[in-house]
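Undergrad: Annotation comment: TrEMBL describes 8 as active site, nucleophile. Marked as active site by TrEMBL: 14. Feature annotation from TrEMBL assigns active site, proton donor to 122. Taken from TrEMBL, the feature domain 'Phosphotyrosine protein phosphatase I' applies to 2-148.
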Ligand code: 4NP
């Protein structure tokens with residue numbers, strides 16, 4: 001099994017989409033894809049309705065996901081940890097115990113634009129268009145991740 005974790009701030013907008021998208025591109029018997037937030041704001045919550053709706057528009061059902069907070073134990077469980085933005089990156093790296101933990105953490109858009117450290121913009125305070133934009137960015141990144149690891 002290869003295990004991949006998607007991380008954002010709230011675990012209700014971006015990382016649930018990233019989880020749903022990557023899951024849809026990988027065989028379930030070989031890969032586990034999960035998501036978490038660096039904050040404790042939305043523990044136990046369903047994804048944001050705007051993420052649910054944009055996922056549905058592109059044929060994905062993310063309604064069974066539940067918000068949870070990233071914890072240091074995730075470094076032991078997951079092989080790859082993809083973060084959405086620089087703030088998530090610093091929050092996760094600050095919990096790393098050693099270089100092996102740190103090496104697992106990557107900015108997801110670096111899969112598309114190598115070494116440029118672009119962020120997936122937080123769509124929480126914006127409108128529907130922001131969620132569509134985020135979906136497309138994540139879909140492109142997840143295509144590359146899936147083809148690299150499968
Ligand atoms: P996410 O978006 O990190 O993509 O899940 C956010 C969701 C909630 C909040 C911030 C960002 N919040 O402040 O509650």
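The backbone N, Cα and C atoms fix where each Cβ goes, and this holds for glycine too.
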Undergrad: Given the residue listed as 'active site, nucleophile' and residue 122 (active site, proton donor), what distance in Å do their CA atoms have, once rounded to a whole number?
TA: 9
Undergrad: What is the number of residues in the domain 'Phosphotyrosine protein phosphatase I' (2-148) that are helix, strand and coil, as DSSP sees it?
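TA: Its residues divide into 63 helix, 22 strand, 62 coil.
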Undergrad: Counting across all protein chains shown, how many other Cβ atoms sit within 10 Å of the Cβ of residue 8 (active site, nucleophile)?
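TA: There are 29 such Cβ atoms around residue 8 (active site, nucleophile).
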Undergrad: Inside 10 Å of the Cβ of residue 14 (active site), count up the other Cβ atoms and send me the figure.
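TA: Taking every protein chain into account, the count is 34.
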Undergrad: If one looks at the chain holding the residue listed as 'active site, proton donor', which residues at least 6 apart in sequence have a CB under 8 angstroms from its CB?
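TA: When sequence neighbours closer than 6 are ignored, the residue listed as 'active site, proton donor' has 8, 9, 13, 14, 84, 85 within Cβ distance under 8 Å.
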Undergrad: Would you report the average pLDDT that the model assigns to the domain 'Phosphotyrosine protein phosphatase I' (2-148)?
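TA: Mean pLDDT for the domain 'Phosphotyrosine protein phosphatase I' (2-148): 98.
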